[in-house]
Amino acid sequence: MSAHIINGTEIAAAIREEIRSEVTALKTKAGIVPGLATVLVGDDPASHSYVDSKIKMCQNLGIYSEHHPLPQNATNEDLLTLIAKLNADPKISGILVQVPLPAQISESLVLNAINPDKDVDGFHPVNVGRMCLGEPCFLPCTPHGVQELLIRSGIKIEGTHVVIVGRSNLVGKPLANILLQKAPGANATVTICHSGTKNLPEITRQADILVAAMGKPKFITADMVREGAVVIDVGTTCIGYTPEGKRILSGDVDFEEVKEKAFAITPVPKGVGPMTIIMLMLNTLTAAKRAVGLIK
């Protein structure tokens with residue numbers, strides 16, 4: 001029997017309507033409009049596409065947006081000056097600097113310059129520390145999206161063994177921290193695997209919930225998955241193009257093989273991807289509410 005397909009597009013659409021209602025209410029009752037500033041350095045097509053999708057989503061939800069493009073040869077000082085301006089701008093609730101950045105730019109220097117209260121990507125050390133301590137913070141968008149996918153799909157997380165394959169600062173590490181918290185929608189036993197892990201299939205087969213987040217197309221095969229497990233595929237690698245020039249994406253899981261063994265599985269596309277951008281919008285809304293003391 002094939003697995004239940006967890007449709008991230010449908011779940012993200014439901015959250016989108018919740019956010020739209022809150023944005024409208026915030027405008028009507030308090031005269032507050034959440035605002036997101038995006039910063040893009042250079043002309044990378046993929047980065048342009050990602051930023052465009054975020055701007056369109058802001059427009060769709062009634063969130064104010066500003067886009068600040070900078071040339072490929074921009075300096076650290078250029079970015080720091082812009083970020084200081086955005087930090088001080090009351091119209092801007094959240095700031096997103098699209099990564100990766102050109103080689104001459106210090107990513108850590110730039111991201112750490114963002115006011116933690118406007119760090120809607122959840123990358124600032126202050127927010128990372130708060131996340132680890134279980135304090136109110138901005139959660140990184142993709143890991144938070146994974147958690148919401150599980151919760152809204154009715155999948156129990158508490159008391160389960162979650163195995164995460166991948167230890168990146170963007171997904172693996174923060175997701176582990178989120179899911180091990182003593183909190184609703186978490187409280188799992190978490191194992192992180194990586195390139196140095198021995199006997200990887202033995203460990204992945206122990207997972208009640210298996211998360212693949214290493215960026216290796218179809219790396220997770222059926223023999224690595226326990227019968228009845230929940231499989232979340234975070235991978236999105238471009239493996240080619242259609243004759244029309246559209247990107248062909250592959251996840252980290254061999255979907256066709258694994259879906260015959262898993263209880264539930266996310267596809268690529270239409271799985272985790274749509275959740276990432278909607279969590280960014282949720283963080284932007286949260287930032288606007290915190291800025292005026294509506295929430296902590």
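Positions of Cβ are set from backbone N, Cα and C atoms, glycine also.
With G166, R167, S168, T236 listed by Swiss-Prot as binding NADP(+), the candidate from S153, S195 annotated for that site turns out to be S195. Within the set of binding-site residues (G166, S168, S195, T236), the lowest number of other Cβ atoms found within 10 Å of a Cβ is recorded at S195. Packing around R167 (NADP(+) binding site) is summarised by its Cβ count: 17 other Cβ atoms lie within 10 angstroms of its Cβ, all protein chains included. Across the residues annotated as binding NADP(+) (G166, R167, S168, S195, T236), the two Cα atoms farthest apart lie 18 Å from each other.
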